[in-house]
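Visitor: Feature annotation from Swiss-Prot assigns disulfide bond to C34-C71, C74-C129. Marked as region 'Binding of N-acetylglucosamine tetramer (GlcNAc-4)' by Swiss-Prot on the basis of experimental evidence: 31-43, 65-68, 91-95. Annotation source Swiss-Prot lists region 'Binding of oligomers of N-acetylglucosamine (GlcNAc)' at 113-116, citing experimental evidence. The feature signal peptide is assigned by Swiss-Prot to 1-14, with experimental evidence given as support.
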Amino acid sequence: MKFSILPMIASAMAVSISYDPIYAADLSMGSVACSNGDHGLMAQYPTLGEVPGFPNVGGIPDIAGWDSPSCGTCWKVTIPNGNSIFIRGVDSGRGGFNVNPTAFTKLVGSTEAGRVDNVNYVQVDLSNCINGAN
């Protein structure tokens with residue numbers, strides 16, 4: 001029997017989640033890694049606020065740079081206390097999650113912490129991000 005550990009590796013890695021006010025509704029999609037190209041989102045959504053799932057958007061670990069195949073994907077992010085949220089990837093997270101402040105507040109309770117470490121994450125169906133599951 002053959003098992004693949006690749007899906008488990010992503011969620012087992014220790015990453016952090018932080019927030020950045022740059023991920024505002026009026027931010028041009030031309031400013032993020034998922035702007036244009038084959039996997040770009042700008043043609044459909046000129047501003048970040050138009051992306052279904054906003055404000056639960058931001059940089060994710062699986063987007064390394066421009067035109068990543070992970071652009072627009074949905075991720076369930078769980079912090080150590082068990083709280084979780086769905087985040088739609090629109091930018092590079094540079095090894096972690098960096099999200100809209102409102103999404104961070106939904107997850108953590110406030111922006112006071114600034115960052116939470118030891119975050120688990122797993123890719124989920126896009127419907128979790130666009131159907132108001134948060």
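One is the number of the first residue shown, and numbering goes on along the chain from there.
The backbone N, Cα and C atoms fix where each Cβ goes, and this holds for glycine too.
Keep in mind it's a predicted model, so treat the numbers as computed, not measured.
Could you give the neighbours, burial and distances for every feature on this list?
Guide: Mapped onto three states, the DSSP output places C34 (disulfide bond) in coil.
The DSSP secondary structure for C129 (disulfide bond) is helix. In this view, C129 (disulfide bond) is surrounded by 26 other Cβ atoms within 10 Å of its Cβ, with every protein chain counted.
Across the residues of the region 'Binding of N-acetylglucosamine tetramer (GlcNAc-4)' (31-43), the predicted structure has a mean pLDDT of 95.
Nonlocal intrachain contacts for the region 'Binding of N-acetylglucosamine tetramer (GlcNAc-4)' (65-68), taken as residues 6+ away from its ends with a CB within less than 8 angstroms of a stretch CB, comprise 33-40, 92.
Secondary structure by DSSP for the region 'Binding of oligomers of N-acetylglucosamine (GlcNAc)' (113-116): 0 helix, 2 strand, 2 coil.
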Visitor: Round to a whole number and give the Cα-to-Cα distance in Å for the pair C129 (disulfide bond) and C71 (disulfide bond).
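Guide: Their Cα atoms are separated by 13 Å.
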Visitor: Any same-chain residues 6+ apart from C34 (disulfide bond) with CB under 8 Å of its CB? Would you list them in sequence order, or say none?
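Guide: Expected: G40, L41, M42, I63, D67, S68, C71, G72, G89, V90, D91.
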Visitor: What residues elsewhere in the chain lie close to the region 'Binding of oligomers of N-acetylglucosamine (GlcNAc)' (113-116), defined as a C-beta under 8 angstroms and at least 6 residues from its ends?
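Guide: Contacts with the region 'Binding of oligomers of N-acetylglucosamine (GlcNAc)' (113-116): 16-19, 79-80, 107.
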